[in-house]
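The domain 'Major facilitator superfamily (MFS) profile' feature in TrEMBL is assigned to 50-491. Summarising the annotation, TrEMBL assigns transmembrane segment to 45-63, 92-112, 119-138, 144-167, 179-199, 211-230, 297-318, 338-356, 368-390, 402-421, 442-461, 467-487.
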Amino acid sequence: MSEVKTAPNVSTYQAGQGKREAVANVSLADALAQSKPNPWTGRMFKLYFFLLIAFLNSCINGYDGSLMGGINAMKTYQAYFNMKDVGSSTGLVFSIYTIGNIVGSFFCGPFTDWWGRRWGMFIGASIIIIGTCIQAPATSKSMFIGGRFILGFGVATCATAGPSYVAEMAHPAWRGTITGMYNTFWFVGGVPASWVLWGTESITSDLSWRLPIWLQAVASAGVIIGCLFCPETPRWLISNDRHEEALKVMTEFHGEGDRESPIVQLTYKEMIKEIATEGSDKRWWDYRDLFNSSNSWWRMCCVIGMAFFGQWAGNGAISYFMPVLLKAVGVENPKTQLLYNAILSVISFVMSTIGARFTDRLGRRPVLLIATSLFVIEWSIVTALTATYGHEGNANANGSRAAIAFIYLFGITYSFAYTPLQALYPVECLSFETRAKGMGMYNLFVNIAAFFNTYAIPVAWERVQWRFYYLYIAWNIFQVIFIYFFFIETKGRTLEEINEIFDAPYPKKKSLEKHVVVITEHGAAEKDFGLEET
């Protein structure tokens, strides 16, 4: 057979009666061509419902992410606990959630491996309910802080089990799009939280801040109830030697009831070959497989890289300190600052949803490389505009508006490219045996990076103001270089086929190899049409 390299977004050509196409894996292309999957069948909508239950795990995180900033500004909350907008006590309330998340990162892998992906979601949501029941009725600062810690602990398990469930259950034809949608649901939790806070802010009693916290249990309750109806993922079933159950699940949701469906047979055979029944996922203490080979190190470079790149590209400043950035270009009115922030949140949700659809069309690497390159340009322009117009004597309104426009452009670019891939890419880069623990490590490094955003940014901003943007420019240049040389392309392969990439001497090069095939109604046949390497 002939292997031909080409760009991931290679065009499709007509060849005779078939369609000439460059694909990452001939077997998958052949199986999909024969199966002709339809995303609008009754069985697929049933699968979408189960995946929606998993998406609620992202809503939980998004809700809390938008919650405490608003509660912290409420006078009733401040009076009850004798708190201030800033200070060590306020810093502890915010950081304890992250600390709980970090501690939970070491437990979420074993929870998700021992009892399965759906029960991992159940456990995480149950812990969040417990944390809510401590935090919402809290009568002391220590009780409130304890609830925050438990909440963060539970979120770590949800953030591991949720995306793992989605990636392993999604139909192979649309895994990228569906798993990419997972992280967009952060906004489905975050936007309602903002409106709940807006509605309860006028209440003069403690209910103004207690009610939004109680409502945090809604999505968690949805996960707990929904998990009782969700099937377990085929991969977890096979790893626990429950092959017949795995085949039933794949037949129902990937084969439209046909056990002999080419896509069912292909993925089942690959799972049998790749998934070990005695892997490290059966040993809760064993994290060695994450780092004990060059294969493992390359995987973790992609996973840890995505954890830091997804937090340090400049989005931390947008997420946590948007009003400060706006003030630097002349927007002084707090209400106007909040309006700009609210509008950007809605736009970000729309763009991240569109971006999820394009992850399978464009590929992971091109999206990340183009977006990160645009970050360099956008932050350079924001820096220049802020330096020129970000002073008290500025009378040029157009200059300020231009700076705001490019801050928005950064947010839009980030939402399109990084938001969908933050859950999708690390899940794809991990093998089954290391997926749960690896996602736990991913969550750990995400929270370590978040600590920088929470504490270093305000300190640095106080000292150097807008000159802090230079760090984002330099860091994004580094990201482009790192992604180009080390990030693999996972588009067009099943989760098991991705393992072959990491077994190669140079995984990035292997991931860009393509086969030229002719796709007809009978399947895909590999051909060599002399497509040039690029």
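Cβ from N, Cα, C; glycine included.
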### Query
Per the definition of 3+ C-beta pairs under 8 A with sequence separation of 6 or more, do the transmembrane segment (144-167) and the transmembrane segment (368-390) touch?
no
### Summary
Top stretch by Cβ pairs under 8 Å to the transmembrane segment (442-461) (candidates 92-112, 297-318, 368-390) is 297-318
### Query
Residues sitting near the transmembrane segment (119-138): Cβ under 8 Å, six or more positions beyond its termini, same chain?
53-54, 57, 60, 108, 111-112, 144, 146-162, 164-165, 210, 213-214, 216-217, 220-221, 223-224, 227-228, 436
### Query
Who are the long-range neighbours of the transmembrane segment (211-230) in its own chain, taking Cβ under 8 Å and residues 6 or more past its ends?
50, 52-54, 56-57, 59-60, 63-64, 67, 70-71, 118-119, 121-122, 124-126, 128-129, 132-133, 135-136, 151, 154, 158, 165, 189, 193, 196-197, 200, 203
#### Entry: Whole-number mean of pLDDT values that fall within the domain 'Major facilitator superfamily (MFS) profile' (50-491)
88
